[in-house]
Structures are given as C-alpha cells and as structure tokens.
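Listed in TrEMBL:
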| type | residues | note |
| --- | --- | --- |
| ACT_SITE | HIS499 | active site, proton donor |
| BINDING | HIS499, ASN500, SER501, THR502, HIS503, ASP540, ASP664, GLN716 | AMP binding site |
| BINDING | HIS503, HIS539, ASP540, ASP664 | Zn(2+) 1 binding site |
| BINDING | ASP540 | Zn(2+) 2 binding site |
| COMPBIAS | 81-91 | compositional bias 'Low complexity' |
| DOMAIN | 423-758 | domain 'PDEase' |
| REGION | 61-91 | region 'Disordered' |
Amino acid sequence: MGCAPSIHVSQSGVIYCRDSDESNSPHQTTTLSQGTATTLHGLFIKTDAADAIPSVLAYQSRQAGAPGTRRERRELGSGGSSSSAGTASSAPTTCRVRTHYCCSSAEAETQTSYTSVKQVSTAEVRIGPMRLTQDPIQVLLIFAKEDSQSDGFWWACDRAGYRCNIARTPESALECFLDKHHEIIVIDHRQDQHFDAEAVCRSIRATNPSEHTVILAVVSHMLSFILFLFQRFMENSSITACYNELIQIEHGEVRSQFKLRACNSIFTALDHCHEAIEITSDDHVIQIHKIHRDSGDKSQTESHSFRYKNRRKESIDVKSITSRSSDAPSLQNRRYPSMARIHSMTIEAPITKVINIINAAQENSPVTVAEALDRVLEILRTTELYSPQLGTKDEDPHTSDLVGGLMTVNVKYVHSHLSLPITINDVPPCIAQLLDNEESWDFNIFELEAVTHKRPLVYLGLKVFARFGVCEFLNCSEATLRAWLQVIEANYHSSNSYHNSTHAADVLHATAFFLGKERVKGSLDHLDEVAALIAATVHDVDHPGRTNSFLCNAGSELAVLYNDTAVLESHHTALAFQLTAKDNKCNIFKNIDRTHYRTLRQAIIDMVLATEMTKHFEHVNKFVNSINKPMAAEESSDCECNPIGKNFPENQILIKRMMIKCADVANPCRPLEMCIEWAGRISEEYFAQTDEEKRQGLPVVMPVFDRNTCSIPKSQISFIDYFITDMFDAWDAFAHLPALMQHLADNYKHWKMLDELKCKSLRLPSDS
C-alpha cells in the first residue's frame with residue numbers, strides 16, 4: 001500500500017501538498033494561496049490561519065477507524081467496559097486512554113504521525129523577546145454516551161497531539177477538571193435527558209482554574225439559539241471538522257490565555273524576588289533596575305518606589321507559577337463569556353472591557369440585578385455617553401432650540417473680501433491707558449473696541465503676547481507678530497454682530513486671565529500657554545455669523561469640505577495655518593524647529609476643535625472625572641503630592657480644552673453691563689440666521705430665536721442652566737474664580753427677574 005499524501009505548512013504560511021511516493025518531483029506539488037480554503041484528500045484546511053500554525057506542523061491524512069487499527073478505552077464515570085475491538089477494561093481510572101495496534105502495512109504511517117505530533121505537542125510561544133514553552137493542550141470531553149461525535153473529537157485530539165480525557169457524568173467531569181485543569185472542554189449539549197449542559201458549565205465556571213478555559217458546546221442542527229455560557233459547535237462528527245475547530249481555539253483563546261498567565265508569572269516573580277534584577281534590551285540597555293533591601297526596607301527602583309507587604313522568604317519557581325495548577329493571582333480575577341471568540345481579541349477598547357465585565361457579572365446574578373444590568377448595557381452601547389437626554393420640546397423650547405442649533409450637525413457662504421492690514425507704529429495713549437487694566441477680569445473689551453475702531457485684537461494681542469513671552473518662545477520679532485495679528489484680525493467679519501474680532505479679543509483676554517491663575521500656571525508648560533493664546537486668537541477666524549447646522553442644511557462648500565463634522569471649527573484652524581504660512585512676513589512659526597511646531601500645531605488644533613459644542617458634555621465630564629474628583633480626593637486626604645499630575649499630557653490636554661471652552665462662553669460671567677451687551681449681540685446674530693432660513697426655505701434650527709417672539713431672558717436662563725453652570729462650577733473648583741462665580745449669580749438673578757416680569761428684552765423699559 002502506498003503512503004498517504006501529506007500536508008505541509010511552509011515558513012511563509014503557504015500550504016502545499018505532495019504525494020510521499022513522489023516527494024522528489026517538484027511538478028507533483030500543489031500550492032494553495034493564502035486566504036482560501038480547500039479540501040485535499042479529505043482533509044479540510046483553512047489557510048487564512050496558516051500564519052498561526054507552527055511551521056514544523058506536518059501531518060499525514062489517515063482514517064480514525066482504519067483497518068488493522070484497534071483502540072482500547074477506559075472511561076471516567078462509566079461502570080461498564082467498552083472497546084471497539086472487544087478489549088475489556090475497568091472503570092476506576094480517572095482518564096480515558098487509547099492504545100494503537102498497527103499492522104505492518106500501516107505501521108510506518110502511524111509512526112510518522114506520532115513523530116509530528118511530538119513536535120507540535122510542546123510549542124514555543126514568543127511574547128516580545130521572551131520564548132516560552134507551552135505544554136501539550138489538555139482537552140476534556142463530557143459526553144454521557146459514546147457516539148460518532150465523541151469519537152470525532154477524540155481522534156481530532158489524537159491528530160493534534162492533545163492529551164484527552166472523557167467523562168460520562170457531571171460529577172466525574174468536575175473532579176477530572178479540578179485535577180487536570182484542561183484548556184478546552186467540549187460538552188454534549190444536543191440532548192438534556194442525561195445531564196444539564198448549562199449546569200455543568202456553571203459548576204466548572206465557579207472554580208478558579210476555569211478562567212483560562214474555553215468551553216465548547218456541541219449542539220444539534222435543530223437548535224439555533226444563542227449560547228451565552230460557551231461557544232457553539234454545530235454537530236459534525238467529521239474528524240477534520242473537529243480538528244479544525246480545536247486548532248482554531250488553540251491558536252486563538254488558548255494561546256492568548258497562556259500569554260496572560262506567563263506575563264502574570266513574570267510580575268509575580270519580580271514581586272517576590274529578593275535579588276537584584278536587571279531587565280535589559282538586546283543592546284544591554286537597562287529597562288528596569290530593581291534592588292530589594294533587607295526585609296524591613298522599602299523596595300526601590302530608578303523610576304518608581306514600591307512598598308510590598310507579606311514578602312515571602314523562600315524562592316519562587318517561575319515555571320510552577322506559569323503552570324496550570326498554579327495558585328498565583330491571575331491578571332484578571334474574572335471571566336468573560338465565550339461569545340463568538342470576541343474574548344480572543346488582544347486589543348480591546350475600554351468600553352468593550354466594561355461591557356465584558358458586566359456580561360460576566362450577569363451570569364450568576366439574580367433576575368432583578370440581571371435586568372438592571374441589561375439596561376446599563378443598553379445605555380453603554382449608545383454613542384452619546386456624555387450628552388444628557390432632554391425632555392420634550394414643549395417642556396423647555398429654549399433649551400431644545402439652543403441644543404439643536406449649537407450641538408446638532410444636520411447664507412450661502414460667500415467669502416468676504418479681506419481689508420488691508422492697518423499699520424501700527426506706536427500705541428496711542430488712550431489705548432495704552434485702557435490696556436493697563438487688561439489683567440483684570442472686569443476689563444471692558446467694548447471700550448477697547450470703540451477706541452480701536454473695531455480692531456481690538458491687534459492691540460490686546462500685542463500686550464498679552466508680550467506678557468507671556470510668546471515672541472521669545474517662537475523666536476520671532478515683534479514686527480512679525482504684529483503682522484500676524486493684523487492678518488488674523490482682518491479675516492474676522494466686522495459685519496457679524498457677535499462672531500467678530502471683538503469676541504476673539506474677549507476670548508483671548510479670558511484665556512490670559514485663566515493662565516494667570518496659580519493652579520493653571522502650575523499645570524501647564526510654556527508651550528501650552530503659547531498654544532492657548534494662539535488658539536484663542538484664531539478660534540473663530542472667518543466665522544460667517546451662522547451656525548454649523550445652518551451651513552450643513554444649506555449645503556455650503558465648507559460643510560461639503562468637512563463632511564458636516566465640526567465644519568466651522570475645522571475651517572478656523574485650517575485657515576489660520578494657511579494665512580500664517582502664506583506670507584513669510586507674518587509667519588510666526590518660521591523660526592521654531594519641526595518638533596516644537598508639530599506639538600504646538602496639534603495643541604492649537606485640539607483646543608479650537610474643543611470649542612465645537614457637540615462634544616461639550618464629553619469634555620466637561622472628562623474634566624470632572626479626571627481632574628476635579630482626584631483633586632478633591634487628594635485634598636481630603638491631606639496629601640502633599642500633586643493632585644492632578646500636571647506632568648501628565650492627558651491632564652494637560654483636558655485643562656487646555658476646559659480653559660478655552662470657558663473663555664469662549666464666559667459672557668454670563670462678565671460684569672452685568674458686558675453680559676447684557678453680549679446677550680444682545682448673540683441674539684441678534686441668531687435672529688438674522690432665523691430670518692435667512694425662512695427666506696431660503698431652510699429648516700429653522702432655533703425657532704425660539706424669532707425676533708418678533710423671542711424672550712432673551714428665557715434664552716439666557718436656558719443657556720446658563722444647560723451649558724454654563726456645571727462647566728464653570730468644575731472650572732472654578734480647579735482654578736478658583738470667586739469673582740466670576742459672583743458675576744454669574746448676579747447675572748442669573750437679572751435674567752430671572754426679567755422673566756418673572758414677562759419682559760422679553762435685555763432690560764426693563766424703565767432702565768433703558
């Protein structure tokens with residue numbers, strides 16, 4: 001009899017087959033490209049998994065029940081004897097074993113198969129530079145009766161080189177699992193008259209070793225329900241189908257769990273070691289240097305200081321920690337449901353991990369708790385996690401319209417002709433006198449607007465940028481900075497009642513005021529300060545006086561360009577950098593190195609995009625959770641360490657975002673007269689938008705801003721309640737701004753009084 005054809009996986013992952021009788025004939029070789037699946041001599045191979053299969057894998061196709069082959073079984077939990085060849089056996093042993101008796105014609109084939117099995121049974125797994133040896137996989141089959149399906153998995157384990165046990169009862173299955181700690185368990189879920197498969201799964205899952213075990217349920221073709229406790233395998237007694245399923249599990253979940261245990265063992269060994277440890281790269285560069293003192297001293301490292309309790313005196317055997325019978329603490333003291341192999345993913349988003357934890361908690365929870373967790377999962381699976389849900393439009397139409405107009409992205413924009421930059425030689429005395437008070441929160445930006453003929457940004461910018469050493473940081477001349485400020489201000493639309501250069505100057509003033517606060521100053525670097533001032537200056541450049549919603553509804557060129565997403569904010573940043581780079585005379589970035597420029601540019605873009613209102617609540621909630629709450633916890637514990645971790649880039653980003661957001665909408669926190677003026681200007685801009693929407697037949701995104709019916713006090717009250725109060729409470733808790741909060745309270749009382757008196761204007765008629 002000729003030898004059977006063999007299947008080989010090359011180092012590159014290409015699968016090919018050849019007849020052993022003609023192995024020296026190249027033309028007899030058939031090569032299969034990756035990404036395909038095919039049947040070769042009865043053997044089904046999924047070549048898209050070729051990369052994960054060790055290159056040494058080379059096995060020969062054979063039939064499990066080939067003539068001349070006899071098998072002898074001893075089964076766990078079975079009182080009788082069973083043997084396909086009539087060989088008697090007894091039941092006391094705890095595992096099922098099979099012995100091959102091969103005739104001479106099949107002896108060579110069987111021996112070759114065993115040789116290849118030995119090569120793959122002990123696999124080498126690499127985690128970075130570490131090389132780990134994985135013991136043979138152990139599989140537990142839980143079948144009440146022997147049939148073709150149990151035989152299929154039995155012989156698949158034999159082919160793959162796995163150690164296999166079989167149990168007939170739930171009790172014997174649990175006993176065997178606690179003794180062996182199998183990586184894979186296959187449960188017969190086709191019929192429930194012998195045992196409850198889900199109950200068996202729960203009893204196994206309740207044990208500590210099961211967190212690294214994959215449980216596979218064999219289900220009938222008649223069943224199509226979803227299994228939450230284990231993976232599903234549709235009934236198929238083909239040895240090839242069973243083999244491929246086991247191989248996929250080994251190189252997926254089992255391999256990932258092995259890596260987790262290995263990493264855990266490394267950390268456990270480091271934790272308990274009393275010797276000097278140096279972890280180096282291939283170039284012998286020290287990565288971690290850890291020295292343990294005497295048992296009473298602290299453990300010290302170069303970058304961190306740890307304190308250990310209950311330090312063991314005896315040595316630690318790393319191999320024993322890695323083994324399946326180890327009692328070492330796991331990296332994950334929990335288990336995840338085996339749904340569609342999703343837990344084999346090595347890269348998971350934080351929200352995915354949260355959902356997995358909740359799913360696991362549901363398994364053994366009471367019905368009421370499980371139902372509550374279902375509602376939690378429904379909320380977590382939505383995309384708007386930070387945006388509160390509003391009531392009906394009838395409850396608060398002002399708030400609904402504000403949110404719709406400012407947060408929803410659902411005049412034909414015409415670029416205005418830019419006026420020529422003005423020439424500045426010296427600051428006139430009247431302007432200089434006003435700027436002497438620019439560090440005060442009560443600085444009157446409208447007076448500066450008047451004396452500068454609606455060009456306050458250049459003059460205030462020169463004063464503020466000089467105070468913060470912007471020219472020194474950028475290594476540019478004052479003339480270059482002046483030219484840049486002129487170009488930026490010229491691209492603001494003076495025809496806008498609100499979004500003009502006076503608003504930009506107001507935001508710049510607020511940003512500079514916040515940067516002067518002790519806690520803010522101590523949390524940001526000089527680069528952050530420069531980025532914040534530049535971002536405040538350009539944050540609304542070339543604003544058309546219409547909202548993002550209007551531009552999207554009108555199908556403007558900007559909305560098309562930016563895909564209806566953060567349209568204006570994206571345009572402001574893009575245009576600012578275009579204007580800066582267009583002329584060398586106003587390029588304030590021309591003398592800084594590429595690294596600083598990229599960092600500065602990214603910070604500016606991030607801050608300007610943060611002013612877009614669709615992510616308002618996300619930014620505020622992240623600031624509260626990452627800055628306010630840790631700071632409050634540190635203060636309550638009287639700890640002298642830095643409560644916000646000012647050197648953490650993530651926290652610096654949150655602080656800068658919150659700072660420019662507060663500066664952008666600080667109008668309600670200004671002195672009353674300025675607050676009233678700003679309220680009138682923004683209302684007029686919204687009135688003009690509503691008028692144009694009606695003229696063009698566009699959707700009216702803020703119907704309450706109809707100049708004939710609008711109540712400005714109501715709109716201000718809604719804006720303060722919905723957007724301002726929580727944000728400034730959080731910012732005040734960090735930056736300590738008592739004067740602003742007092743102005744906010746006073747202004748709110750003003751608007752409430754007008755509303756109670758049914759007055760829709762900015763002031764009482766008697767005050768006009």
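Backbone N, Cα and C atoms are what each Cβ position is placed from, and that goes for glycine too.
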Distance from HIS539 (Zn(2+) 1 binding site) back to SER501 (AMP binding site), taken between C-alpha atoms, in Å: 10
Alpha-carbon distance [ASP664 (AMP binding site); HIS539 (Zn(2+) 1 binding site)] in Å: 9
Cβ-centroid neighbourhood (8 Å) of the Zn(2+) 1 site, HIS503, HIS539, ASP540, ASP664 excluded: HIS499, ALA504, VAL507, ALA536, HIS543, THR611
Rounded to the nearest Å - Cα separation of ASP664 (AMP binding site) and HIS499 (active site, proton donor): 11
Least buried by Cβ count (within 10 Å) of the recorded positions HIS499, HIS503, HIS539: HIS499
Largest tally of Cβ atoms lying within 10 Å of a Cβ, found at which of the binding-site residues ASN500, GLN716: GLN716
Spatial neighbours, same chain, of ASP540 (AMP binding site) - Cβ under 8 Å, 6+ residues apart: TYR492, HIS499, HIS503, ALA504, VAL507, LEU568, HIS572
